[in-house]
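Undergrad: Marked as substrate binding site by TrEMBL: A:THR158, A:LYS184, A:THR195, A:GLU285, A:ASN408, A:SER413. The active site, nucleophile annotation in TrEMBL covers A:THR195.
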2 protein chains.
Amino acid sequence: MSTAVSPLAPTSYPDMPEIEGVAFATAQAGIKYKGRTDVLLAKLAEGTTVAGVFTRSKCPSAPVDWCRSILARGTARGLMVNSGNANAFTGKKGKAAVKLSAEIASKALGCAEDEVFLASTGVIGEPLPAEKFEGVIAGLAALEQQATWLEAAKAIMTTDTYPKIATVTVELDDQSVTFNGMAKGAGMIAPDMATMLSFLFTDAAIDAKVLQALLSGETDGSFNSVTVDSDTSTSDTVLLFATGAATARGVAPVTALDDPRVPVLKAALGDLMQNLAQQVVRDGEGARKFIEVQVEGATSDASARTIAMSIANSPLVKTAAAGEDANWGRVVMAVGKAGEPADRDRLAIWFGDVRVAVDGERDPDYSEDAASAVMKKDEIVIRVELGLGEGTARVWTCDLTKEYVAINGDYRS
Amino acid sequence: MSTAVSPLAPTSYPDMPEIEGVAFATAQAGIKYKGRTDVLLAKLAEGTTVAGVFTRSKCPSAPVDWCRSILARGTARGLMVNSGNANAFTGKKGKAAVKLSAEIASKALGCAEDEVFLASTGVIGEPLPAEKFEGVIAGLAALEQQATWLEAAKAIMTTDTYPKIATVTVELDDQSVTFNGMAKGAGMIAPDMATMLSFLFTDAAIDAKVLQALLSGETDGSFNSVTVDSDTSTSDTVLLFATGAATARGVAPVTALDDPRVPVLKAALGDLMQNLAQQVVRDGEGARKFIEVQVEGATSDASARTIAMSIANSPLVKTAAAGEDANWGRVVMAVGKAGEPADRDRLAIWFGDVRVAVDGERDPDYSEDAASAVMKKDEIVIRVELGLGEGTARVWTCDLTKEYVAINGDYRS
């Protein structure tokens, strides 16, 4: 397992405002890792609403099944997350482990079992020894030793080289309303969907149906627009909790999608999710380059997105980036294989500000030096103009390095 | 560029029977490589019929456009192939280079331009200096210095570490009829379609329409069932030529698909194509393991195939193979992300003869030692039983190694 922090990691962590109605505690349950925290308990105020989006995998983990089964209720009082074991493909033992986890957490939090959301991340196929939660979670009940956002984010890491947190504050009814979030994920990252765990919290009071619409609406442009390796986890989970604590400060509850404040919330949530999604790519296993792929002029946004993902997932494009090789022919290849409308002879490609190809051939002013200079940077923008329509997309990925192979050739956790 | 021969290469080359009506010559045109042949000319007897399948890329190379445009005629007198430059994404210059190539070859062979099939492989986006063919091809006109099948296969290599040839002989009308073939390809290998160049020849007389049906019919089970890196080339071309020379020995021409001899030809061609397709995977860039993925019990063959390809293309499955790690959880992940019907709790997985998972969880008799022993072999079979229906599929891939990244991080040719 890699230990050095990704060179693409943010250089500092944001100051995270408190979100009233959310309290964290972490502990060492010893599920797999030694000498670090591996379980996170979040206590949520009464009245907290919840929304969720989950992996589209046909082989989801037991905790994903659990979250889906209790989501309709729309309210939550707790969240328990462990790292080191995904409780995925664990059959009846997996269901029993989920049941025991919910029991332990609900007893500690003083709420019903189906008010506790669960997530697990780590190795697939190993039974989760949920009984290990018993002692440590009971001890956290009082939540006297409250953990910070950073500590909470650290407890849910697996191959992550740094914890991922972000915050956005907006004005609502002349009051500050906050969205805070955390995420984990470094491999098995691809769209459909989040390919990792992310937990988002706000103190706004938002009706569960509105909350779900907001979360679902912002997923495509954030967590579904990043890819490390085109692999989709069995455990992908994004949960958004709204404690409603801001009502005490005079922020009226949001109960309908046509509320004029919804666009403000939507923008804030979108920013938060895009920030966290990009942090996941920046921690992509073995990543040394952060790559933004922009596709313009497609016949539709969906078509642009398919083409952008074809480029972002291409091993040949990603290895070229690793080798700092301005190999735009591989971008042509990836456009061509996407199966979407494209006209070879209208295609133009940029690396950064350098146009390398136009009208279906190499740019007449092509400069290998200029293109190579772009490739040497830590952050690379690849832009493709199809010249067919108005469809656009923007997705993020990282390069494919020998370290990715090394990490995944050894890693079993 | 890697120079060592793949450890998965065949240990010997087959003796290739002559195919009457086919003669090869090779030369050093100096397109890109130094000190090796880089152009192949095949002279085909009058009356030779032809069939072809090509890349589904929306950005095909100029030679692919050319072959498609002349295929309807159904007859061929020549084939010219160069390595070192793909003549792809070269705009008007690319069309001009194709025109000049056909002119030069047709003059040397004494046939019409639209009887000459062309293929190019190598770097994308560089104009092809077709004028370099002029001298060398004119000199080959007499074809006095005929090249062997092995020499022909060598002239079309790029990152290949060994030439790929195969032969199958069948009895037709009490006479031997031969199918010979060659292929090149090591990276940018994925279905849809062949992702490489392959040229197949038979001395049977087969009507062009029948020939096309035979070729198209055998493509899915061979070249479209292999993947190295999920990337699809702009230049994929498979051409099948039937010289008809066997008619002189009393083998009646095959003029209709319901001819009772068609199944014999179909089986021979299928074997030949599968052999060559597997040779391509065995030469996969950086490959150290040859992997067969078998999927059974799917709701349909098409569904089984999608799931098999999802496993075969998964970077996490392929890096686990590289690391000799029996990480069956990643197989579960790849089944789950395929988007096809799958019931987690009916899934069973084998590595070789070792069942590692059953009924949606780890096999009760799971032995890490036994599973690891399978992973240490050069050839690994991964079998998935879905338990839903009768659909089956079998595809081939290789592991993903640091060498793949090294080859493609530096390679620009």
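Using the three backbone atoms N, Cα and C, a Cβ is placed for every residue, glycine included.
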Undergrad: Once the DSSP letters are reduced so that anything not helix or strand counts as coil, what is A:ASN408 (substrate binding site)?
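TA: The residue in question, A:ASN408 (substrate binding site), is helix (DSSP, three-state).
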Undergrad: Around A:LYS184 (substrate binding site), how many other CB atoms lie within 10 A of its CB?
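TA: Total other Cβ atoms inside 10 Å, all chains included: 26.
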Undergrad: Just counting, how many other CB atoms are there within 10 A of the CB of A:GLU285 (substrate binding site)?
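TA: Counting Cβ neighbours of A:GLU285 (substrate binding site) within 10 Å gives 30.
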Undergrad: With a 10 Å radius around each C-beta, find which of these binding-site residues (A:THR158, A:ASN408) has the fewest other C-beta atoms nearby.
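TA: Minimum Cβ neighbour count within 10 Å, taken over the binding-site residues A:THR158, A:ASN408, occurs at A:THR158.
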Undergrad: What subset of the binding-site residues A:THR158, A:LYS184, A:GLU285, A:ASN408 has a Cβ sitting under 8 Å from a Cβ of chain B?
TA: A:ASN408
